[in-house]
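S.K.: According to Swiss-Prot:
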- 104-287: domain 'ATP-grasp' (DOMAIN)
- LYS141, GLU178, PHE179, ASP187, ARG211, SER212, ASN213: ATP binding site (BINDING)
- ASP248, GLU260: Mg(2+) 1 binding site (BINDING)
- ASP248, GLU260: Mn(2+) 1 binding site (BINDING)
- GLU260, ASN262: Mg(2+) 2 binding site (BINDING)
- GLU260, ASN262: Mn(2+) 2 binding site (BINDING)
Amino acid sequence: MKIGILSRNQDLYSTRRLIEAAESRGHEVKVIDALRCYMNINSEKPQIHFKGEELINYDAIIPRIGASVTFYGTAVLRQFEMMNVYPVNESVAITRSRDKLRSMQLLSRKGIGMPITGFASKPDDVKDLLDMVGGGPVVIKLLEGTQGIGVVLAETRKAAESVVEAFMGLKANIMVQEFIKEAGGADIRCFVIGGKVIAAMKRQGAEGEFRSNLHRGGSASLVKLTPEERKTAVAAANIMGLNVAGVDLLRSDRGPLVMEVNSSPGLEGIEAATGKDVAGLIVDFIEKNAATKGTKTRGKG
């Protein structure tokens with residue numbers, strides 16, 4: 001098969017591993033920087049050009065689109081879909097999951113466990129909003145943040161009011177969530193491929209750090225999932241319509257709570273913690289599914 005990887009840097013661990021996995025199975029692979037693609041959008045023969053050449057005869061595309069280039073990256077992916085190239089994750093599923101608020105609303109509609117989450121536009125509503133999520137401590141998140149950037153723990157109500165008002169003053173969109181103390185600064189990353197959890201790791205925040213992101217110095221270890229955690233992770237990925245997803249859960253007194261559903265989960269941490277060939281499993285999934293050559297929008301909203 002001829003497989004394209006939408007990635008801006010072929011030296012990244014995840015991109016390198018996907019190239020290795022595909023080539024070792026006899027596939028032809030090309031890394032394509034979405035920002036260097038330009039498109040001919042027409043109803044006869046839609047085209048994508050990359051650095052002067054037309055991209056043709058691709059069987060599948062693996063999107064590894066960074067958060068900062070979501071808009072253009074998903075436009076390029078959508079064009080591949082118009083050309084009948086099989087996407088590992090569809091453009092609509094990626095945009096759905098990238099919008100933190102929209103994804104929380106979709107999960108809540110299906111009754112998936114999550115931290116109580118508040119969203120407001122005006123500083124006048126901050127006091128009511130904090131009452132809604134249970135006062136302090138609360139976690140305040142920038143809707144556009146990634147890798148733990150733009151996430152603040154406000155230990156007291158007073159601190160929460162100050163932080164929310166400061167963000168609002170910058171015209172930033174934020175959501176306010178209850179702090180799950182019993183999680184102890186740890187979360188669980190479940191790696192879902194094709195409706196199954198194929199690997200999971202526990203990420204523990206560094207000393208004195210409530211964020212467990214590995215980019216923030218957290219550590220990863222193997223974890224055994226409960227049946228409920230497994231079911232929750234698969235359901236969250238399905239609601240987003242993602243074939244490949246990293247679902248982040250917190251262990252709480254009321255069961256697993258979904259923090260985020262990531263459409264472009266990194267491979268380095270999960271492969272190191274579990275010893276599994278996750279890149280190979282993604283390519284296996286493509287081999288089984290790309291032959292249908294169809295894209296079908298899954299999930300709703």
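Using the three backbone atoms N, Cα and C, a Cβ is placed for every residue, glycine included.
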S.K.: Work out how many Å separate ASN262 (Mg(2+) 2 binding site) and ASP248 (Mg(2+) 1 binding site) at their Cα atoms, rounded off.
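M.R.: Approximately 8 Å lies between the Cα of ASN262 (Mg(2+) 2 binding site) and that of ASP248 (Mg(2+) 1 binding site).
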S.K.: Tell me, what is the mean pLDDT of the domain 'ATP-grasp' (104-287)?
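M.R.: Average per-residue pLDDT within the domain 'ATP-grasp' (104-287): 90.
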S.K.: Rounded to the nearest Å, what's the C-alpha distance separating ASP187 (ATP binding site) and GLU260 (Mg(2+) 1 binding site)? Just drop the number here, would you?
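M.R.: Cα-Cα distance, ASP187 (ATP binding site) to GLU260 (Mg(2+) 1 binding site): 11 Å.
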S.K.: Out of GLU178, ASP187, ASP248, GLU260, which has the highest number of nearby Cβ atoms, where nearby means within 10 Å of its Cβ, if these are the binding-site residues?
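M.R.: Its Cβ has the most other Cβ atoms within 10 Å: ASP187.
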S.K.: Between PHE179 (ATP binding site) and GLU260 (Mg(2+) 1 binding site), how far is it from one CA atom to the other, in Å?
M.R.: 15
S.K.: Does DSSP give PHE179 (ATP binding site) helix, strand or coil?
M.R.: coil
S.K.: Including all protein chains displayed, how many Cβ atoms other than that of LYS141 (ATP binding site) lie within 10 Å of its Cβ?
M.R.: 22
S.K.: Hey, of the binding-site residues listed (PHE179, ASN262), which one tops the CB count within 10 A?
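M.R.: That would be ASN262, with the highest Cβ count within 10 Å.
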S.K.: Round to a whole number and give the Cα-to-Cα distance in Å for the pair GLU260 (Mg(2+) 1 binding site) and GLU178 (ATP binding site).
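M.R.: So the Cα of GLU178 (ATP binding site) lies 14 Å away from that of GLU260 (Mg(2+) 1 binding site).
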S.K.: How far is it from GLU178 (ATP binding site) to ASP248 (Mg(2+) 1 binding site), counting Cα to Cα, in Å?
M.R.: 16
S.K.: Rounded to a whole angstrom, what is the C-alpha distance between ASP248 (Mg(2+) 1 binding site) and LYS141 (ATP binding site)?
M.R.: 15
S.K.: Please classify the secondary structure at ASN262 (Mg(2+) 2 binding site) using three-state DSSP.
M.R.: strand
